[in-house]
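Asks: Pulled the feature table from Swiss-Prot, pasting it below:
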BINDING   G76, T79  Na(+) binding site
TRANSMEM  1-21  transmembrane segment
TRANSMEM  38-58  transmembrane segment
TRANSMEM  69-89  transmembrane segment
TRANSMEM  99-119  transmembrane segment
Amino acid sequence: MVPLIVAVSVGGIAGTLLRFATGNWVNANWPRHFYTATLAVNIVGCLLIGVLYGLFLIRPEVPIEVRAGLMVGFLGGLTTFSSFSLDTVRLLESGQVPLALGYAAISVFGGLLATWAGLSLTKL
């Protein structure tokens, strides 16, 4: 159990740091478009979880520590629903209703599409 906990923890640290770096970069370069950091990590995370899920279906012998470290740890640290929700509320509160609705729609449907695309890539 300890190796599994370590794998998830290390993956979580890496994913969280990547999300933090992405947010800092976007805020430094595109402060008016703060929401694009969350959108980017969530869409990329959805693509990656689709790819990993498909690969692990093909290769079930991949150790649970690797699977959990990547899917639960890394992708769990990288992606975030709470930040997506806060970004949407911030856009709504600033009166940018069409942008908020578009952002929410792209996040949800883009995430679903990216997950499907990632899984489909493993079936080529």
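A Cβ is built for glycine as well, from the same backbone N, Cα and C atoms used for every other residue.
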Asks: Quiz question: given the binding-site residues G76, T79, which has the greatest number of C-beta atoms lying within 10 angstroms of its own C-beta?
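Replies: Of G76, T79, the one with the most crowded Cβ is T79.
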Asks: What else in the chain is close to the transmembrane segment (69-89), if you only count residues 6 or more beyond its ends and a Cβ gap under 8 Å?
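Replies: That would be 7-19, 34-35, 38-39, 41-42, 44-46, 48-49, 52-53, 56, 100, 103-104, 107.
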Asks: For T79 (Na(+) binding site), which of the three DSSP-derived states applies: helix, strand, or coil?
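Replies: Going by the DSSP assignment, T79 (Na(+) binding site) belongs to neither helix nor strand, so it counts as coil.
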